[in-house]
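Notes follow the structure.
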Amino acid sequence: MNEQQRSILVQSASRFPPPPGVKFSYGTAGFRADASLLESTVFRVGILAALRSIQTGSVVGLMITASHNKVSDNGVKVADPSGGMLTQSWEPFADALANAADPHSLLQLVDDFVKKENITLEGAPAAEVLLGRDTRPSGMSLLEAAKQGINAIMGASARVMGVVTTPQLHWMVRAKNKGVEASENNYFDQLLTSFRYLLDYIPQGNSRNNVTDKLIVDGADGVGGEKLEKLKTRLGYLTIDVRNYGDGVLNEGVGADYVQKEKVVPRSFGTADAGIRCASLDGDADRLVYFSVLSNSNKINLVDGDKILSLFALFLKEQLGILNGPEDTKANKSYQASLGVVQTAYANGASTDYLKQLGLEIVLTPTGVKYLHEKAAEYDIGIYFEANGHGTILFSDTFLSWLETRNNELASTSEGSDQHKAALRLLAVSKLINQAVGDALSGLLLVEAILQYMGWSIHKWNELYQDLPSRQLKVKVVDRTAIITANAETTVVRPVGIQEAIDTETAKYPQGRCFIRPSGTEDVVRVYAEASNQEAADNLAHSVEWGCRGLVSSVVMLGNFQNSWERPDVPYEIAEEQKTFVDRLVLLPNVSSVEENKMKI
């Protein structure tokens, strides 16, 4: 790094001092915090994005958003050249950069990192970072901080894409690096063309009349609602009534996160909408859930990410079956595409059972889109979704190349045949779905096309399987790192004995399933429980919750551990492990310190 570059970095960083006493951590959602605390962090992520562009010789993206968080929050994350999330190997550098105490510490970090990664700054090809933001009022000033960070690296430039959805920015990065035009109009054109193709390939005689063309969408008062207002004017079939697209407070009583967690109607919806197909986006339009309003109630029938995944999996499996033809045909032996479904432990057990009954391969990963996406990429067709409505479908380059060839063969030998139409449908899905990241707008159009193909109402779709009742809780703790999990976060391996206690409690409930995991962003332990009825799920979750709080009762998970370090019948090693658990983890309600907590116990 030459002296001119060093000087520019120090001078630029001095204009963006970090807030005192705040520690930032780059997770699946990037950095998030109250917007007033983020200016220095966004500036520094601009530096990181420029370095990533130089290292890869590709365009990268920087998105300013806090998704489903409240409007006073904001955040920043980087889109890698593939359009996916920032490579995990760069996350420690992001953390260190955001938390550097002063400009000279920041300079040293950058200097060490470029040497470690063999990034050549002098004479490097020009770097380009696409910049986007959502509709938050704080977005404009933070966008300027990001530009300053990018410009602090010589040869790097920022291209402002304006107010866009998070998936749009990821799509633009991916498109740009594939040599495709990457404007918002290009994005809309690809979605609309693919959607029309899917509708055109619906077989004659399918009962499309069972599906109303009316859809009501909750835009969460965010950027997704604004974009859908533009998109809907170009749709032929499908009448969309967009509500909450800027006339209220972002994510306040609206949005996919609110609807999925609370299971009540969002603002601007009511009993007059009973029975109509409804959908909800989140603040930056990377999550999607469907629902129907119940008569004379503010309650809803939720159709969450698990059911969206199941609909997509059912359709794709059917199309592959049609394309391959009968088992004894040569075509069936030419290429056996792998179709895999990726979920987390939070997926409802009924959805996993349903997918297994379809004969699909199911894999669990730790919570976090980066893990789901990485695993899905191992298949020819990999489908992943979280219950919260974030997910997508990935198609391997190898499969798409074969599919293009197969489609051309069928076009010349049996144009218009069932196999040919199946190939066309699969190609259309690969272009409609956003393969860079979960995208509420592209996902919504794919849902609508498949419902038309199936001739299903939202009620028919919702009857694919009956969700097992579940309950999610969280326990405030002193140190969440005291809990260590394995097997996609479904098994506690440390402290010793915790998992055995959870298993004992879970066994008391028919169809019981329960796990605990430390939050990735805050000092809480999250509890998830399922059972055959809601009361049982609630009881199981609360018994484990209170167990985590260290209380004693007949249904407390840790009851038999209480004061175990003083009992002669408990081996020393386990007793010490459990004592450490209480010292580090457990914090009773209304207790302000660890020492007071131990006195209470």
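Along the chain as shown, the residues are counted starting at 1.
Using N, Cα and C of the backbone, Cβ positions are placed for all residues, glycine too.
What TrEMBL says about a protein is an automatic prediction, not a curated fact.
TrEMBL lists 57-89, 124-177 with the feature domain 'Alpha-D-phosphohexomutase alpha/beta/alpha'. Annotated Mg(2+) binding site per TrEMBL: SER67, ASP282, ASP284, ASP286, in sequence order. What TrEMBL lists as active site, phosphoserine intermediate is SER67. Residues annotated as domain 'Phosphoacetylglucosamine mutase AMG1' in TrEMBL: 182-289, 304-456. Residues or ranges marked as substrate binding site by TrEMBL: GLU386, ALA387, ASN388, ARG517, PRO518, SER519, GLY520, THR521, ARG526. According to TrEMBL, the feature domain 'Alpha-D-phosphohexomutase C-terminal' maps to 475-544.
Features recorded in TrEMBL, as mapped to the structure shown.
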residue : record                 : Cβ neighbours (10 Å)
SER67   : Mg(2+) binding site    : 27
ASP282  : Mg(2+) binding site    : 33
ASP284  : Mg(2+) binding site    : 33
ASP286  : Mg(2+) binding site    : 30
GLU386  : substrate binding site : 23
ASN388  : substrate binding site : 21
PRO518  : substrate binding site : 21
GLY520  : substrate binding site : 14
ARG526  : substrate binding site : 20
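For the pair formed by ASP286 (Mg(2+) binding site) and ASN388 (substrate binding site), distance between Cα atoms is given as 10 Å, rounded to the nearest Å. The two recorded residues, GLY520 (substrate binding site) and ASP282 (Mg(2+) binding site), show a Cα separation of 21 Å. Considering only the binding-site residues GLU386, ASN388, ARG526, no residue lies within 10 A of SER67 (Mg(2+) binding site) on a C-alpha to C-alpha basis. Sequence-distant contacts of the domain 'Alpha-D-phosphohexomutase alpha/beta/alpha' (57-89) (same chain, six or more residues past either end, CB-CB distance under 8 Å): 26, 28-35, 38, 41-42, 45-46, 48-49, 125, 128-134, 136-139, 142-143, 146, 150, 166, 169-177, 220, 249-252, 255-258, 282-284, 286-287, 369-370, 373, 435-437.
PRO518 (substrate binding site) and ASP282 (Mg(2+) binding site) have their C-alpha atoms 24 Å apart, to the nearest angstrom. Note: the CA-CA distance between ASN388 (substrate binding site) and ASP282 (Mg(2+) binding site) rounds to 10 Å. Same-chain residues with CB within 8 A of the center of the SER67, ASP282, ASP284, ASP286 CB atoms, the Mg(2+) site residues themselves not counted, are THR65, HIS68, ASP134, THR165, THR166, GLY222, GLY224, ALA256, LEU281, GLY283, ALA285, ARG287, HIS390, ALA440.
Break the domain 'Alpha-D-phosphohexomutase alpha/beta/alpha' (124-177) down by DSSP state and the numbers are 25 helix, 15 strand, 14 coil.
Note: the Cα of ASP284 (Mg(2+) binding site) and the Cα of GLU386 (substrate binding site) are spaced 16 Å from each other.
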